[in-house]
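**Q** I'd like to ask some things about the structure below.
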Amino acid sequence: WLADSDGCPLQWNLVCENGWKVPLEQTSHLLGWLLGCIILGMGCDWFGRRVVFVSSLVLATGLGAGEALAASFPALLALRLLHGGSLAGASLALYVTRLELCDPPHRLTFSMGAGLFLVAGTLLSPGLALLAQDWHLLQGLSALATGLLLLFWGFPALFPESPCWLLATGQLAQARKILWHFAEASGVDPESSCEEESSLATGNPQPQRHWVLELLHTRVTWRNGLILGFSSLVSGGMRASFFRRLAAHELAFYGPYFLGAGLEVVAIVFLLLTVDRWGRRLVLLLGTLVMGLASLLILSGVQYLPAWTVLSLSVLGLLAAQAVSTLSSLFAAEIFPTVIRAAGLGLVLGAGFLGQAAAPIADMHGRRGFFLLHVVFASFAILALVCVLLLPESRGRGLPQSLQDADRLRRSPLLRVRPRQDYLPLLPPSHCWA
């Protein structure tokens, strides 16, 4: 231990025989994200997106400040676990709300645009660490950033409740107020739609809550969620494996970090150019195929291929894994119904964090299990390639509202040229997929 004159710990020894503490801290933080996605995802469907978003930011601000003042390594592990869970809840609530506010032609654009902002934050983090020069100050700045985010987005006018969720759960009076506000902000006269207004004026005063376990009573929705969760698990594990291989090469200290962020930008741009043109399922199939082939080629020829070839395959595999992970999240949010969308997406995202947590767990044993880990995820990638063929296509479709609507999403031909258009937009969603 390093301590000041009063005996208070300032730093921890994380080298040599104490090097196992680094992957343990990484595992704790990733498990926090996993638990936060699952638990707070269900909270989003039960209490609302806005409540979970604001509550998660409050917790993240307090826990982030607590990490800077942690007096022992076990306390730091517990705080990292809880901090990761609170950040997961805020990110999930924001993702679902943004998706439900977009119409089908703009869902991909806004989702990928948010991903670019996330990468921008990733690229700025090393510069902030260089300016801070101390992890206590860096952690304090992180808590300050979440506090400022809460101060700005905590107002209901700037971050309202999702009207899509309010309508799906029968809270029509609150949905009417928010839609009225949206109409006035857009320059539309709300009085011009008397029929829609009267239909929203009455409704069941008791909200209709749903649990994610109701997926077990569906016919195809549970299978689609299981496939996308498995795809997210494989892509998360393969991302960590490919990143470890990049770090093993003689690159600069921050080389793998910035290379991974740059590849994520390339993956987002690729998805922007192809997903609406080719469809979600075909691009997900292509990304899974490239990811699996790259991993198999590395495993079969790592002792015979030149170093630059292994490096190129690792870069290609990491690019494909990032594209599959991002697209799996968007795909899952589009096929789960509104009443359990956050909980279902939380399960899919949690599977991805579970795959990422496998890499630091292997590091705690001196990287002896790294090769076996890569073999397991490479085998899973081939299995996921077959499972993706069973998914429906959600391109150009409205978001399903109920479990019955989600069950009407059927598997369509893989190479259909044009998506089916909804020529009857005034009918309820339950008639659109009949």
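Cβ atoms are placed via backbone N, Cα and C, with glycine included.
Got these off TrEMBL a minute ago, pasting:
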DOMAIN    1-396  domain 'Major facilitator superfamily (MFS) profile'
TRANSMEM  30-47  transmembrane segment
TRANSMEM  52-71  transmembrane segment
TRANSMEM  77-96  transmembrane segment
TRANSMEM  108-131  transmembrane segment
TRANSMEM  137-159  transmembrane segment
TRANSMEM  225-242  transmembrane segment
TRANSMEM  254-275  transmembrane segment
TRANSMEM  282-302  transmembrane segment
TRANSMEM  308-332  transmembrane segment
TRANSMEM  339-359  transmembrane segment
TRANSMEM  371-391  transmembrane segment
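What's the neighbourhood like for these features in this structure?
**A** For the transmembrane segment (30-47), same-chain residues at least 6 beyond its ends with a Cβ under 8 Å from one of its own Cβ atoms are 56, 80-89, 92-93, 96, 165, 209-212, 339-347, 349-350, 353-354, 356-357, 360.
Packing against the transmembrane segment (52-71) from elsewhere in the chain are residues 8-9, 36, 40, 43-44, 79-80, 82-83, 86-90, 92-94, 97, 136-137, 139-140, 142-143, 146-147, 149-150, 153-154, 159, 342: each is 6 or more residues past its ends and has a CB under 8 Å from a CB in it.
Non-local neighbours of the transmembrane segment (77-96) in the same chain are 24-25, 28-37, 39-41, 43-44, 49-50, 52-53, 55-57, 59-60, 63-64, 66-67, 70, 111, 114, 146, 162, 329, 333, 341-342, 345-346, 349; each lies 6+ residues outside the stretch with a CB under 8 Å from one of its CB atoms.
Counting same-chain residues at least six beyond the ends of the transmembrane segment (225-242), those with a Cβ under 8 angstroms from any Cβ of the stretch are 215, 284, 288, 291, 294-295, 314-315, 317-318, 321-322, 324-325, 328-329, 331-332, 335-336, 344, 347-349, 351-356, 358-360, 370, 373-374, 376-378, 380-381, 383-384, 387-388, 390-391.
Tertiary neighbourhood of the transmembrane segment (308-332): same-chain residues 95, 99, 107-108, 111-112, 115, 225, 228-229, 231-232, 234-236, 238-239, 242-243, 245-246, 249, 259-260, 263-264, 266-268, 270-271, 275, 280-281, 283-284, 287-288, 290-291, 294-295, 297-298, 301-302, 344-345, 348-349, 352, 391, 394, selected by CB-CB distance under 8 Å and a gap of 6+ residues from either end.
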